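Below you'll find the structure, written out as structure tokens, and then a few comments.
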Amino acid sequence: MGVKAALPRYELYFYNVVLCMAMLWAARWISDVSSSNSNRKTFKTSVQPGWYYSGRKMDTADVEWMMWFSTFREHIIFALSGHLIFAKICSLLAPQYRSLVFMVYGMLAVCTSMGWAYVTLILSHCVLLYSISLVKLRWLCFVAGLTTLATFKMEPFISWQAGFVTGSFELRPLLFYGGCGFTIMRCMSFALENCEKKDGNYNILELLKYNFYLPFFYFGPIMTFDKYYIQANNPNLTRKDGEMWNISLQGLLHLGVIMIVAILLHFMYILTIPSDMKLLKNISDWALVGLAYLNLVYDWVKAAVMFGVINTISRLDHLDPPKPPKCITMLYVFSEIHFDRGINDFLCKYVYNYLGGKHDNVLDELIASLCTFGIAALWLGPGWVVFIWAFLNCFGRNLELLTAKFFTMEPFISIEMAISESMSRRIRAVFNTFNFWTIVLYNVLALNSLEFAQLVAKRMLLKGFPFTTITVMFVTYCLIQLIKERERRQALIDDPDPIPPPVPIPTAPSPTPTQTDGAPAAQPVDPNKQKAE
């Protein structure tokens, strides 16, 4: 109950007006702070000259964005363009060998950019994990894979292996860790799929084809081996009607987003401001809350664009890559808080769903969650901030599930059945409001710093109580209702059964089938159970 429930149109219009006014107000505060503090010491280090004709400097605090779309964009465009040319020629002349061509070009590109010693290091890890996969023991593949991954996350193994890469190419540190980390994850996927193969083994050439596909090699996303193997070896390269138009539109959309982000980084220094604690203590509560939210939105936009560009190229290669991450604005349940759907698919398939089973046992669910977030913490790099982030999100995920089970008991289920669906949706949105800001604060901790997350929580919940707290929660409630309305409209498209449109007057809608809100990603959902939000 809740998703298919309709609300009066004027109520939805009111929510839109409140949300737009709140966002404009927060944006004005941040813009004023960015303009009036251009002489601060913090701004001098990370705010560099930008477009000379705009008269504004550019926020360059995000090194990863600057490398992708400014400093080394020519190198990246050249390498990916070469891949597309060779892939197109092979698709026309010998489509059955295209996965082999992908591998050869990828190895040559990696060798050119990083050197033969780096390629040898990657090959050694591939051979090691391939050899272990022949034993066909899942636990042994996991232990070997995670141990190998740890050698790229902990000293002194990092420095020792990084010593194999020499040269002055400034992008090499980023390429080194990206290529090695994703290689280990791909090798683990191959090993685990090989364990499931009943008749014989996959040969090592299939692993090399899978690993050295250039668009995925350095920056991901992770496509599990079973999916890549089927798609890359499919000789039928026909496209659906309108597919090329959709791919072209997707590419233009990403280009437009890149331009918008570049403009915003010239006028709103949302990445630099959080590092200046003295400045943060002097800005308003509303500006601070908006800054925290915009930092998460920016990180989602960055992930969506970076993975989106790669996904566009892979779709031109007739692959179906993992989708970009779900926007942070659309998240109000812990089950969907992944910024990388590739890593999320990997963890769900090989860890969370494998250990959690049907997800109806509390102990199994707890073990599955702990193992999932433990591997996620290793992937991000062990550290106190990462450990705190993993613990809080794991706790929130399990608390969310326990709360859902609790509210399916009596008398709550009878109370919900007695009230109208629209009222049920409003009550659920109140709970989702607190959930939303819990997710925001937990992830601000990982993206910025512990001090910034503490300051936001203190100003929003303690120092700003009750005015700031109530105002922020009310605006968030409006946002949640608009998200639910979008989900309701999507249900209208997906569900063949007709559902009444939003009612023009505040009358109780007719009874409709119940539906679970916020089902966990890649997790089976029982349609007869309702989930309290």
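Just so it is clear, glycine is given a Cβ too, placed from its N, Cα and C backbone atoms.
Automatic prediction, not curation, is the source of TrEMBL annotations.
Residues or ranges marked as transmembrane segment in TrEMBL: 12-31 (among others). Nonlocal intrachain contacts for the transmembrane segment (12-31), taken as residues 6+ away from its ends with a CB within less than 8 angstroms of a stretch CB, comprise 267-270, 273, 283-284, 286-287, 289-291, 293-294, 474-475, 478-479, 481-482, 485, 502.
Under the heading transmembrane segment, TrEMBL lists 76-94 (among others).
The feature transmembrane segment is assigned by TrEMBL to 100-130 (among others).
For 137-154 (among others), the entry in TrEMBL reads transmembrane segment.
Among the features that TrEMBL reports, transmembrane segment is placed at 174-192 (among others). Using a Cβ-Cβ cut-off under 8 Å and counting only residues 6 or more beyond its ends in the same chain, the transmembrane segment (174-192) has close neighbours at 64, 67, 110, 113-114, 118, 121-122, 125-126, 129-130, 132-133, 138, 141-142, 144-146, 148-149, 152, 161-162, 165, 202, 206-207, 210-211, 216-220, 222, 224-226, 343, 346, 350, 379.
Among residues of the same chain six or more beyond the transmembrane segment (212-231), those with a C-beta under 8 A of the stretch's C-beta atoms are 79-80, 83, 102-103, 105-107, 109-110, 174-175, 178-179, 182-183, 185-186, 189-190, 193, 202, 206, 306-307, 310-311, 313-314, 317-322, 340-343, 345-346, 349. Taken from TrEMBL, the feature transmembrane segment applies to 212-231 (among others).
Residues or ranges marked as transmembrane segment in TrEMBL: 251-271 (among others). Residues 27, 30-31, 33-34, 43, 46-47, 50-51, 54, 56-62, 65, 69, 291, 294-295, 298, 301-302, 304-305, 308-309, 312 of the same chain lie 6 or more positions beyond the ends of the transmembrane segment (251-271) yet place their CB under 8 Å from a CB of it.
According to TrEMBL, the feature transmembrane segment maps to 366-392 (among others). If one looks beyond the transmembrane segment (366-392) by at least 6 residues along the same chain, the residues whose Cβ comes under 8 Å of a Cβ in the stretch are 146, 149-150, 153-154, 181, 185, 343, 347-348, 351-356, 359, 398, 442-443, 445-446, 449-450.
Long-range contacts of the transmembrane segment (427-445) within the same chain, counting only residues at least 6 positions beyond its ends with a Cβ under 8 Å from a Cβ of the stretch, are 2, 292-293, 295-296, 328, 331-334, 337, 385, 388-389, 392-393, 396, 400, 419, 452-453, 456-457, 460, 472-473, 476-477, 479-481, 484, 517, 532-533. Per TrEMBL, transmembrane segment is recorded for 427-445 (among others).
Per TrEMBL, transmembrane segment is recorded for 465-483 (among others).
Residues or ranges marked as region 'Disordered' in TrEMBL: 493-533.
Summarising the annotation, TrEMBL assigns compositional bias 'Pro residues' to 498-512.
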Under 8 Å between C-beta atoms and at least six residues away from its ends: which parts of the chain pack against the transmembrane segment (100-130)?
75, 79, 82-83, 86-87, 90, 141, 144-145, 148, 161, 164-167, 169, 171-172, 175-176, 179-180, 183-184, 187-188, 190-191, 204, 207-209, 211-214, 217, 232, 317
Short question: which residues 6 or more past the ends of the transmembrane segment (137-154) have a Cβ under 8 Å from it?
125, 128-129, 161, 177, 180-181, 184-185, 187-188, 191-192, 195, 375, 378-379, 381-382
